[in-house]
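Asker: Feature list, courtesy of TrEMBL:
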type     : residues                    : note
REGION   : B:1-21                      : region 'Disordered'
COMPBIAS : B:12-21                     : compositional bias 'Basic and acidic residues'
DOMAIN   : B:44-119                    : domain 'Phosphoribosyl-AMP cyclohydrolase'
BINDING  : B:ASP91, B:ASP93, B:ASP95   : Mg(2+) binding site
BINDING  : B:CYS92, B:CYS110, B:CYS117 : Zn(2+) binding site
Protein chains: 2
Amino acid sequence: MSEPFASPASAREQEEGETFRPRFDAAGLVTAVVTDHETGRPMMVAHMNAEALDLTLETGIAHYWSRSRGCLWKKGETSGALQSVRDIHVDCDQDAVWLSVVSAKPEDTCHTGRKSCFYRRLDSDSRKLVAAHS
Amino acid sequence: MSEPFASPASAREQEEGETFRPRFDAAGLVTAVVTDHETGRPMMVAHMNAEALDLTLETGIAHYWSRSRGCLWKKGETSGALQSVRDIHVDCDQDAVWLSVVSAKPEDTCHTGRKSCFYRRLDSDSRKLVAAHS
């Protein structure tokens, strides 16, 4: 695959330019924060390589790179919890993207069978995990 | 500093246990998604090592690890944009945390002088960056 994105440039260009120049890390990935388009709540954190990002833009369906399996990951291909991307935002230095999505099967967003991977709150005092308010 | 957190364990324990077992990556970091406690909008993505996480829990003020500078980073120590942490959520495998914060100086959240690092939207068709609705 030919490189579908422009290369990172100066700090000023990364921060103020209108060209999308994703800054992939040494492993070829950017961080993706995924939120629920209706509630705004974080659903998951994932990673994207150039191919996943390109496919996401091309199809409107979120694709990621699975670090654990080492392969392209069309989220929901098996579970049905496909994510339609409504908005993508990019951070200042372009090493992170924020996807606002609508899930076709919200209850299978997390592989544990929950609407979000962030289903536990950390109690600062006890440092124990407790169920989060949904 | 002695290790302040329990070590990662089995997938089931990571996902369902009540013990906080942050899964630091090879660089000793977890990903931190930071949202505005009032609006719920993502403000930034950062990273935390064990010390930053421990100090955050201890003080209630967000501390990170600056990958670019290679040092502990008390966000806002220079700019005044200190972040009071209202809630911390942890994801299923405990390699990402979500901090909901109140900034003491919202307009200096991003070093570019904006309330969020996600001040640009990516237009899927043109693949150009445009100003985000605030």
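Placement of Cβ uses the backbone N, Cα and C atoms for every residue, glycine included.
Unlike curated entries, TrEMBL annotations are predicted automatically.
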Asker: Under a three-state reduction of DSSP output, how is B:CYS110 (Zn(2+) binding site) classified: helix, strand, or coil?
Answerer: strand
Asker: Of the residues in the region 'Disordered' (B:1-21), how many are helix, strand and coil by DSSP?
Answerer: 6 helix, 1 strand, 14 coil
Asker: Can you check what DSSP calls B:ASP93 (Mg(2+) binding site), collapsed to helix, strand or coil?
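Answerer: Its secondary structure by DSSP: coil.
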Asker: Whole-number Å distance between the CA of B:ASP95 (Mg(2+) binding site) and the CA of B:CYS110 (Zn(2+) binding site)?
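Answerer: Spelling it out, the Cα of B:ASP95 (Mg(2+) binding site) and the Cα of B:CYS110 (Zn(2+) binding site) are 24 Å apart.
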Asker: For B:CYS110 (Zn(2+) binding site), write down the residues of its own chain that are at least 6 apart in sequence and whose Cβ falls under 8 Å from its Cβ; none is a fine answer.
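Answerer: Those within reach of B:CYS110 (Zn(2+) binding site), by Cβ under 8 Å and sequence separation of 6 or more, are B:MET43, B:MET44, B:SER116, B:CYS117, B:TYR119.
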Asker: Just how many other Cβ atoms lie inside 10 Å of the Cβ on B:ASP95 (Mg(2+) binding site)?
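Answerer: Result for B:ASP95 (Mg(2+) binding site): 18 other Cβ atoms within 10 Å.
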Asker: Looking only at B:ASP91, B:ASP93, the binding-site residues on record, which one has the least crowded Cβ, with the fewest other Cβ atoms within 10 Å?
Answerer: B:ASP93
Asker: Going by DSSP, is B:CYS117 (Zn(2+) binding site) part of a helix, a strand, or coil?
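Answerer: Coil, per DSSP.
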